[in-house]
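Asks: Pasting a structure here, questions to come.
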Amino acid sequence: MSQDTVAPALPDAPREVVLVTGISGSGKSVALHALEDAGFYCVDNLPPELLPQFLRLEQARTDGAMRRIAVAVDVRSARSLPALLPSLSQLGSEGVKVRAIFLDASTHALVRRFSETRRRHPLSTGAPGEALDQHRALTDAIELERELLADLREASTVLDTSQLRAAQLRAWVRQLVQAPAGALTLVFESFAFKHGVPLDADLVYDVRVLPNPHYIDELRPLTGRDAPVADYLQQQPEVGEMLGQIEAFLVRWLPAFEQDQRAYLTVAIGCTGGQHRSVYFVEQLARRFRDRGATLVRHRELDAL
């Protein structure tokens, strides 16, 4: 189906369609299994141009009972991807809740995973339309894949899996699909700068300039979730000042992000170890914005323990 072709309306369309895509090695199979466990009917590697026809067939086959469907596509369908975004827009105009999740990871993490599994990258022996004997290095294949999927990434909710175990990824995917569709969901994420800035961050705040509970013996083994750490940080004037300024920025600009038709806005707060200050800030911000709509909390370093 070309970009200019619009499929006819789907009779008795599914209630929810989740598209899972992303960089090879980033965890698409794990995410799809998580959706299957959550009650979605899942299809892997469906050619994008067949999505509207597939949904019609499933609705007819199940008498309209198939209400939650997840479809995974990858770079092997690159030549058909231009037709995918118009198809998703068409579904949305028909009242279907459409979510697109794009899994990504750092090149370093991807190279390590391919090395551990000894699998070949799908573009290492040629991109779609290239001769099959055109070999390329793994890092070159990863960068080419990023280029081919750039438009789809821009239109999706991005999830950085670089530091995630499979169990963490499954839990995070379940959280994403449980959040209300159609409204902006705020994601507050703590992280350690020494492990890199999350790839899925929209806004990044650095709280390393604030007093560090790590240097107080009785607070060192605790986290920003614990009352003694929270009490200590609340007593520091600069902590309250920075927290208030971040809150004020979000209050001022959230309406603009909502008008931009974003599904998610990820606010990443970083400190040295991702244990005290960033965790405290995330917990406080999530509490302050909970009444404004859906909020999700993720502590990258703590969740990895």
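These residue numbers are counts, starting from 1, taken along the chain as shown.
Positions of Cβ are set from backbone N, Cα and C atoms, glycine also.
Here's the feature list from Swiss-Prot:
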type	residues	note
BINDING	GLY22, ILE23, SER24, GLY25, SER26, GLY27, LYS28, SER29	ATP binding site
BINDING	ASP74, VAL75, ARG76, SER77	GTP binding site
Asks: Let me know the most crowded of the binding-site residues, choosing from LYS28, ARG76 and counting other Cβ atoms within 10 Å.
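Replies: Compared across LYS28, ARG76, the most Cβ atoms within 10 Å surround LYS28.
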Asks: What's the CA-CA gap between SER24 (ATP binding site) and ASP74 (GTP binding site) in angstrom, rounded?
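Replies: With distance taken Cα to Cα, ASP74 (GTP binding site) is 7 Å from SER24 (ATP binding site).
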Asks: Which has the fewest other CB atoms in a 10 Å radius around its CB: GLY22, GLY25, GLY27, the listed binding-site residues?
Replies: GLY25
Asks: For ATP, what surrounds GLY22, ILE23, SER24, GLY25, SER26, GLY27, LYS28, SER29 with a Cβ no more than 8 Å from their Cβ centroid?
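Replies: Other same-chain residues with Cβ inside the cutoff are ASP74, LEU103, ALA105, THR161.
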Asks: Using all protein chains in view, find how many other C-beta atoms are within 10 Å of the C-beta of ASP74 (GTP binding site).
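Replies: Its Cβ shell of radius 10 Å holds 18 other Cβ atoms.
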Asks: Measuring Cα to Cα, how far is SER26 (ATP binding site) from ASP74 (GTP binding site) in Å?
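Replies: For SER26 (ATP binding site) versus ASP74 (GTP binding site), the Cα atoms are 11 Å apart.
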Asks: DSSP secondary structure for ARG76 (GTP binding site), reduced to helix/strand/coil, please.
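Replies: ARG76 (GTP binding site) sits in a helix per DSSP.
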Asks: Restricting to the binding-site residues GLY22, ILE23, GLY27, LYS28, SER29, which ones have a CA within 10 Å of the CA of ASP74 (GTP binding site)?
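Replies: Of GLY22, ILE23, GLY27, LYS28, SER29, within range: GLY22, ILE23, LYS28.
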Asks: Listing them in sequence order, which of the binding-site residues GLY22, ILE23, GLY25, GLY27, LYS28, SER29 have their Cα within 10 Å of that of VAL75 (GTP binding site)?
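Replies: Among GLY22, ILE23, GLY25, GLY27, LYS28, SER29, the ones whose Cα sits within 10 Å of that of VAL75 (GTP binding site) are GLY22, ILE23.
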Asks: Take the C-alpha atoms of SER29 (ATP binding site) and ARG76 (GTP binding site) and report the distance between them in angstrom, rounded.
Replies: 15
Asks: Using the structure shown, find which entry in SER24, SER26, SER29, SER77 (the binding-site residues) has the sparsest Cβ neighbourhood within 10 Å.
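Replies: Selected from the binding-site residues SER24, SER26, SER29, SER77 on minimum Cβ neighbours within 10 Å: SER29.
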Asks: About how far apart, in whole Å, are the alpha carbons (Cα) of ILE23 (ATP binding site) and ARG76 (GTP binding site)?
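Replies: About 11 Å separate the Cα atoms of these two residues.
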Asks: Quick check: of the binding-site residues listed here (GLY22, GLY25, GLY27, LYS28), which one has the Cα closest to that of SER77 (GTP binding site)?
Replies: GLY22
Asks: Distance check, please: Cα of LYS28 (ATP binding site) against Cα of ARG76 (GTP binding site), rounded to an integer number of angstrom.
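Replies: One finds 14 Å between the Cα atoms of these residues.
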